[in-house]
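S.K.: One structure is given below, represented as structure tokens, and several questions about it will come after.
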Protein chains: 2
Amino acid sequence: MTRTDFTEITHSAVIRQETHGWRAKCLQRLIRLDMPVPRTVSLSFAAVRAIAAGNLPDMDRLLARFAPGQLLSVRPSPQFPDWGGPGALLNIGMNDTRHAEIAAAHGEPVATRLYLRFVQAYAQHVARLDPELFDAAEPCLPALQAALHDYENEMEEPFPQDPALQLAEVLRSMARAWEGTSARLLRQAKGAPAEAGLGLVVQAMAGGLGADNSGAGVIEFIDRVSGERRITGRFKAHGQGREALENGADTLYLTRDPRGPSLEDHSPEAFGALVRHGEIARAKLREEMQIEFTLDKGELAVLDAVPVVRSSRAEVRVAVALAEENIISRDEALMRVPPRALADLMHRQVDPRAPRDLFARGIAASPGAAQGRIVFTSSAAQASAAREEACILVRRETTPEDIRGMHAASGVLTERGGMTSHAAVIGRGLGLPCVVGASGVRVDMRERSVSVGGRVLREGDMITLDGSTGEVLAGTVPLLEPALDESFRTLLVWADARRDIGVRANADTPADAGIARGFEAEGVGLCRTEHMLFEDDRLLVMREMIFADTEQDRAAALERLLPMQRADFAHLFDIMQARPVCIRLFDPPLHEFLPHTREGMRGLADALDRPLSEITRRAEALSEFNPMLGMRGVRLGLTVPEIYDMQARAIFEAAAAVGGTRGDRVVPEIMIPLVSAVREVEMVKARVEAVAASVRAETGAEIDYRLGVMVETPRAALRAGEIAQHVSFLSFGTNDLTQMAYGLSRDDAGRFMSDYVKLGIFSEDPFQMLDREGVGELIMIGAERARVARPDLTLSVCGEHAGDPESIAFCRDAGFAYVSCSPFRVPVARLAAAQIAIAGAR
Amino acid sequence: MTRTDFTEITHSAVIRQETHGWRAKCLQRLIRLDMPVPRTVSLSFAAVRAIAAGNLPDMDRLLARFAPGQLLSVRPSPQFPDWGGPGALLNIGMNDTRHAEIAAAHGEPVATRLYLRFVQAYAQHVARLDPELFDAAEPCLPALQAALHDYENEMEEPFPQDPALQLAEVLRSMARAWEGTSARLLRQAKGAPAEAGLGLVVQAMAGGLGADNSGAGVIEFIDRVSGERRITGRFKAHGQGREALENGADTLYLTRDPRGPSLEDHSPEAFGALVRHGEIARAKLREEMQIEFTLDKGELAVLDAVPVVRSSRAEVRVAVALAEENIISRDEALMRVPPRALADLMHRQVDPRAPRDLFARGIAASPGAAQGRIVFTSSAAQASAAREEACILVRRETTPEDIRGMHAASGVLTERGGMTSHAAVIGRGLGLPCVVGASGVRVDMRERSVSVGGRVLREGDMITLDGSTGEVLAGTVPLLEPALDESFRTLLVWADARRDIGVRANADTPADAGIARGFEAEGVGLCRTEHMLFEDDRLLVMREMIFADTEQDRAAALERLLPMQRADFAHLFDIMQARPVCIRLFDPPLHEFLPHTREGMRGLADALDRPLSEITRRAEALSEFNPMLGMRGVRLGLTVPEIYDMQARAIFEAAAAVGGTRGDRVVPEIMIPLVSAVREVEMVKARVEAVAASVRAETGAEIDYRLGVMVETPRAALRAGEIAQHVSFLSFGTNDLTQMAYGLSRDDAGRFMSDYVKLGIFSEDPFQMLDREGVGELIMIGAERARVARPDLTLSVCGEHAGDPESIAFCRDAGFAYVSCSPFRVPVARLAAAQIAIAGAR
């Protein structure tokens with residue numbers, strides 16, 4: 001080891017975040033801001049690596065930096081605060097001698113408390129002894145003696161008395177802990193590279209043991225949850241480090257407070273200095289900091305400062321406030337807020353301060369918190385909604401029949417399914433908190449109970465879902481309301497000014513479209529028309545259409561659906577004003593519209609006045625081995641062409657009507673699903689054009705529209721050059737494309753996906769983050785071939801991936817016009833797109 | 001029109017098949033062989049096209065080629081015999097005058113018959129009048145007069161008397177018929193291009209009306225069904241054209257025959273000349289010809305000759321015989337037999353001469369004919385087999401549970417499914433005739449009946465399946481036995497000498513492997529190990545494994561499967577001798593091993609001694625939305641790794657044992673299914689290598705093996721470069737690759753595939769013929785990337801496509817080492833590969 005092993009942190013010392021860590025750098029900044037920071041020495045990443053390898057610095061030289069007998073603390077200093085590291089270790093240097101000295105100066109209890117704390121921490125974190133052995137209740141002399149005795153017993157040597165030895169062992173143990181597997185996994189989860197280094201800072205402990213106005217405290221200048229500016233924190237006389245936050249009996253509020261004594265009253269000068277330091281730190285460190293301080297007989301020392309841990313809502317508010325005060329730039333503000341944080345703001349949240357009674361854990365499929373009484377059927381959910389009583393719909397899995405139940409429920413919990421199961425997709429679409437694939441949960445429909453291990457909850461029991469973490473909590477827990485406040489809106493206005501890729505919303509109903517408009521989507525990128533047809537009045541007509549025996553009966557049913565669809569589309573065009581609306585023609589297999597239970601079949605037999613046996617037989621005949629790969633999309637559209645004819649007519653008539661009322665022209669976009677061959681496109685195109693011609697002739701309106709293809713089979717991507725010649729736009733449906741590229745059903749992948757990601761077989765769940773290597777290559781092949789054939793083609797991505805920042809970056813790199821995601825992800829996508837543009841410009 | 005409008009066919013005339021059609025050319029050859037062909041004039045394709053457009057040749061000039069008053073015939077002459085064309089029209093020139101002349105020479109009845117026939121044919125085919133009007137029973141003078149009267153009534157003009165006008169109208173009507181839609185579709189189905197032309201030949205009718213030894217006949221020199229050389233045909237005194245074949249009362253046999261008088265006895269000289277002409281035609285036209293002839297007072301005229309229409313078996317026998325006699329080359333013989341014809345030879349066939357009582361029509365899923373009593377369950381099939389009574393298993397669709405029933409049945413009929421449904425694939429594998437997706441058929445399991453429209457067949461009724469045509473026949477029909485005769489074997493030996501791509505067989509059981517060996521497969525290209533596990537004794541152990549509660553229970557079940565699988569593999573290695581055997585690790589989802597009926601569930605509950613509710617619950621938990629895209633293949637292999645461990649051990653132990661016995665080394669090939677990411681390959685590879693190391697250590701044997709990947713997801717094709725670095729071979733599984741490229745389940749495609757092909761949306765069923773544009777591109781991408789990464793990699797295709805000639809051509813073009821198809825398609829593939837090589841060399 002050389003002289004550069006360690007560096008005292010001064011105004012002029014060479015301390016860099018990349019070599020000494022963020023804490024060392026932060027402390028130097030505080031020093032440069034003339035704050036009263038106790039003497040501190042920084043050990044670089046290289047030095048700590050050397051320590052781990054067994055090469056200690058010269059301890060005598062290191063200790064010579066401090067006053068003789070000075071107690072020391074050691075804190076971790078990785079490159080970024082959230083990369084973790086070992087906990088701080090205080091009071092290094094305590095031994096029998098120091099115990100006697102402090103006892104003489106401040107009384108035996110003070111000395112004993114310090115010494116016992118040190119022995120406990122040292123035994124646990126340095127000697128790695130069983131913490132329970134040293135978990136004494138009340139700090140008193142006998143407890144201290146017992147601890148020292150136990151230590152000697154276990155280690156077969158007395159507790160080390162030499163401060164140099166103590167410090168050396170602390171440094172060694174921290175250096176080695178950093179190399180451990182669990183520490184490495186933890187920091188890698190936060191994005192740290194494998195070779196990330198740890199720095200350490202050794203600091204003189206600053207008093208706080210003496211008279212009345214001595215002690216330690218922590219101060220913050222914002223509310224962690226709301227982000228509002230107000231001073232919070234605690235001060236504890238005779239305390240050390242963060243003890244004040246433990247809410248002991250003898251803590252002080254910081255500002256004047258009717259609930260008890262405050263530091264402001266008690267030590268107004270010190271308090272004033274602290275507030276001034278806080279202001280300076282905020283302005284110069286360009287961040288809301290939590291400051292750890294001590295008072296020694298009224299004299300202030302600033303020990304440490306870390307960014308305030310805060311809620312997503314506070315994150316947004318702070319970023320916007322700092323930018324509005326010109327402390328940071330708007331770009332900086334945009335970059336500081338993780339896009340996913342916005343999702344939290346749009347939903348109720350479980351109060352992070354509340355205790356949680358964890359019942360089960362599943363996949364966090366749709367963010368936000370919900371609570372209510374457990375129901376097991378859609379009809380129970382509707383009944384509950386009718387009583388205005390919140391309920392949580394619990395199912396093994398949901399089917400399209402559950403849509404009404406989902407509308408009525410506050411949240412959904414399913415035993416089965418993954419991120420893109422029916423429940424998850426619909427949940428996100430509705431903004432409904434949803435936990436799916438809850439492991440170990442067993443739903444018993446007959447018993448009307450849900451159980452995990454031995455624990456059982458029954459219909460009517462209260463339950464809370466945290467759709468942001470996947471936790472299922474028994475009983476009620478305090479929730480925070482959504483926070484679509486001014487800061488949220490401001491940030492997104494800034495984001496829109498920066499981003500260079502469009503963001504549309506997937507909106508299946510006028511209600512969805514309203515939300516999409518509220519979140520400033522630039523249009524509807526995907527309207528799945530079938531979702532309109534699951535509504536109560538339409539469902540029965542759909543079923544009549546499916547069971548029609550003759551062309552005439554089918555035509556009659558479609559004739560009744562036409563005005564309903566026309567009204568839907570008119571409503572949609574109206575809500576979206578001049579913004580583009582892309583309508584996907586009917587996609588799902590017909591059997592999705594049939595009931596799935598015997599009860600439902602019986603109801604349908606009644607409604608259609610046909611024998612039950614015929615209903616079940618026809619339903620069975622429509623069932624498929626692999627519905628995902630079956631008679632759906634354009635295949636159904638060409639086999640039963642009257643459906644698309646009806647939809648095209650509804651679209652054109654609605655466009656003509658709305659355009660007529662508004663005085664402009666509505667140019668709907670019509671998208672063909674599940675194409676695999678160019679002939680499919682040609683044939684649908686011919687029929688749609690024929691319908692347009694009829695409507696033109698009948699209404700005299702100018703009917704204009706754009707036709708496009710949803711590229712969701714690998715073959716459509718490969719044949720995109722041919723297909724492009726017949727259409728104005730292509731939208732890549734990455735859900736299905738992922739399913740087909742991998743040969744992997746999103747509904748069935750839940751069973752092994754988490755194992756696969758854990759084992760690193762898939763680096764990420766490809767339904768969550770677009771697989772650039774496989775699916776991405778198919779998209780690029782398709783985009784290139786389509787552009788060669790038709791350079792003016794509009795390209796986009798719709799589907800769940802479109803809300804994922806990585807995937808948005810992919811689309812921007814590919815030069816796509818827009819992404820289209822579920823309405824509740826629109827703000828996330830807007831921010832993510834801005835960040836990508838800013839990062840690209842840098 | 002110019003003088004070249006028509007050409008009299010002489011030795012030296014310029015008559016080409018490409019411009020005048022095969023019949024004109026054939027007649028010229030007969031003339032050049034000095035056969036007594038009556039005067040014949042040929043109209044070229046161009047001339048006929050001009051006629052259709054309204055430009056008739058100079059009729060007087062044309063008629064001047066023939067003697068005055070000569071009756072004429074007109075016959076079609078397209079470029080190839082099987083391209084169809086209008087029927088021949090005889091006796092042109094008949095009118096009142098000729099009627100009187102012939103009546104004077106040969107008697108009134110002869111003249112009346114000729115005239116009536118002509119009026120009937122002219123009215124129907126030229127004037128396009130309703131044939132029923134002219135469908136008189138007995139030819140007699142009143143009938144003739146009525147016909148002439150009716151003609152005049154309908155046409156409002158008398159029957160034309162001018163021979164030039166008659167001929168002109170006949171030529172015009174034939175020329176126009178060729179342009180009609182149905183004629184075009186018929187010839188396009190035979191491979192004719194859209195612009196294919198029609199030639200016509202106008203020939204002098206050769207007497208046959210006179211004394212006793214006058215008349216017309218048809219002679220063939222082979223048996224149409226067996227291909228054996230023997231003279232068949234008929235002669236009819238006073239007959240015309242092909243009337244002799246109508247088996248009227250006054251026809252003669254040709255050769256001496258105990259059943260009646262013969263031409264050989266009656267006109268030995270003419271018969272002798274005919275036989276000599278036949279010999280010459282065979283040798284010079286290099287084909288077995290059917291010759292149409294007349295005798296006019298004992299004088300022979302040869303009117304026409306066409307290739308004998310024959311069975312597939314006769315096709316092979318003729319081709320081999322001609323080559324063995326050096327009349328044609330071996331290459332020519334190989335090129336003459338359509339590969340699919342071989343499939344017919346390997347199975348029983350419905351006798352083409354027998355009448356058929358068509359009950360329903362479905363997809364011809366597995367060739368050959370079968371008949372037996374209808375059964376509706378596998379157990380009934382097994383019971384039937386135990387009574388040695390042939391049965392046909394009729395199901396809505398088959399599942400793996402039906403395997404035993406399929407083994408026991410003579411054929412399978414299903415209401416649902418397509419060419420690659422379970423029933424179809426297994427049927428072809430077992431060489432079991434199979435008709436699937438029978439349209440309009442309804443199977444009623446409760447009633448034990450199968451119905452189409454109003455017609456019902458019940459359990460125990462006799463039924464016949466023609467798996468080569470897809471016909472379902474009520475009752476019994478005479479069947480022809482398979483014909484794996486010397487000619488068949490000789491042809492395939494010649495094929496092997498010419499082909500330059502390997503042919504392996506997919507063989508799942510030792511029985512399959514035996515068949516594969518019998519058909520000279522060069523190895524096993526795909527052994528689907530799960531099929532071994534559906535056998536009775538294994539199935540229960542598999543189910544125990546699936547229901548195991550603990551690792552130990554699962555290990556115990558696998559422990560019991562190990563010796564069974566080892567024995568299977570040993571048997572396989574033994575049968576295939578030194579030929580390579582490629583074993584695919586377990587692929588299907590586990591739920592395929594569970595019973596699908598409540599009855600089956602109850603049986604399993606008994607067998608496992610568990611409550612029924614648990615069985616149904618576990619089965620339900622294993623069920624999947626899209627099993628094709630679910631927890632199967634390597635996903636299952638990595639999630640329950642003990643299964644692959646067991647299989648790898650069974651393979652290595654079997655290889656060691658068989659190698660030890662035989663004294664050589666068995667080098668098994670192990671193939672990983674459903675790979676989508678390279679990590680899957682790395683992980684399986686590590687485990688397989690570990691098992692190999694254990695077996696090496698335990699047995700002391702040298703264990704050598706080759707590891708490969710079945711490329712069946714689009715992503716695996718795209719990532720083939722990475723994957724290739726870890727394996728020795730890649731085999732493209734084109735079934736799954738097609739399913740995933742199209743997003744199309746083979747089990748569900750049946751519902752719309754025939755519509756799709758009919759509408760030209762898909763040019764062919766992509767499960768039948770490899771889709772070069774989409775799936776083919778994925779394969780080429782995969783092959784190129786894999787070869788760049790590892791030039792010595794072995795590439796192949798396994799799956800149903802491998803038996804399809806077009807797809808074999810694709811694989812050969814791509815430079816693949818081999819194709820692997822079901823055992824019964826091996827001969828087809830061997831011949832197809834030879835034809836591709838010959839065509840490539842030309």
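Every residue, even glycine, has its Cβ placed from backbone N, Cα and C.
Pasting the relevant annotations from TrEMBL:
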DOMAIN    B:389-470  domain 'PEP-utilising enzyme mobile'
ACT_SITE  B:His422  active site, tele-phosphohistidine intermediate
DOMAIN    B:486-837  domain 'PEP-utilising enzyme C-terminal'
BINDING   B:Arg528, B:Arg584, B:Glu712, B:Gly733, B:Thr734, B:Asn735, B:Asp736  substrate binding site
BINDING   B:Glu712, B:Asp736  Mg(2+) binding site
ACT_SITE  B:Cys798  active site, proton donor
S.K.: Cβ within less than 8 Å of a chain A Cβ is the test here; which of the recorded positions B:His422, B:Arg528, B:Arg584, B:Glu712, B:Asp736, B:Cys798 meet it?
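M.R.: Listed recorded positions passing the 8 Å Cβ cut to A: B:Glu712, B:Asp736.
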S.K.: Within its own chain, what residues at least 6 apart in sequence put their Cβ under 8 Å from the Cβ of B:Glu712 (substrate binding site), listed in sequence order?
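M.R.: For B:Glu712 (substrate binding site), the qualifying residues are B:Pro673, B:Leu674, B:Val675, B:Phe732, B:Gly733, B:Thr734, B:Asn735, B:Asp736, B:Leu737, B:Met740.
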S.K.: Among all the protein chains here, how many other CB atoms are within 10 A of the CB of B:Arg528 (substrate binding site)?
M.R.: 23
S.K.: How many helix, strand and coil residues does the domain 'PEP-utilising enzyme mobile' (B:389-470) contain under DSSP?
M.R.: 18 helix, 29 strand, 35 coil
S.K.: Would you mind listing, in sequence order, the residues at least six apart from B:Cys798 (active site, proton donor) in the same chain with a Cβ closer than 8 Å to its Cβ?
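M.R.: Expected: B:Arg504, B:Asn506, B:Gly525, B:Leu526, B:Cys582, B:Met710, B:Ser731, B:Phe732, B:Gly733, B:Thr734, B:Val819, B:Ser820, B:Cys821.
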S.K.: Just to verify: the residue among B:His422, B:Arg584 with the fewest other Cβ atoms within 10 Å, which of the recorded positions is it?
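M.R.: Each of the recorded positions B:His422, B:Arg584 was scored; lowest Cβ tally within 10 Å is B:His422.
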S.K.: With every protein chain in view, how many other Cβ atoms are within 10 Å of the Cβ of B:Asn735 (substrate binding site)?
M.R.: 19
S.K.: Apart from B:Arg528, B:Arg584, B:Glu712, B:Gly733, B:Thr734, B:Asn735, B:Asp736, which residues in this chain have a Cβ no more than 8 Å from the mean position of the Cβ atoms of those residues at the substrate site?
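M.R.: Along the chain, the qualifying residues are B:Leu526, B:Pro673, B:Met710, B:Leu737, B:Cys798, B:Gly799.
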S.K.: Give the distance between the Cα atoms of the residue listed as 'active site, tele-phosphohistidine intermediate' and B:Arg584 (substrate binding site), rounded to the nearest whole Å.
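M.R.: That comes out at 18 Å between the alpha carbons.
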S.K.: Which of B:Gly733, B:Thr734, B:Asp736 (the binding-site residues) has the most other Cβ atoms within 10 Å?
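M.R.: Of B:Gly733, B:Thr734, B:Asp736, the one with the most crowded Cβ is B:Thr734.
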S.K.: For B:Glu712 (substrate binding site), name the DSSP secondary structure in the helix/strand/coil scheme.
M.R.: coil
S.K.: For B:Thr734 (substrate binding site), which of the three DSSP-derived states applies: helix, strand, or coil?
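M.R.: DSSP call for B:Thr734 (substrate binding site): helix.
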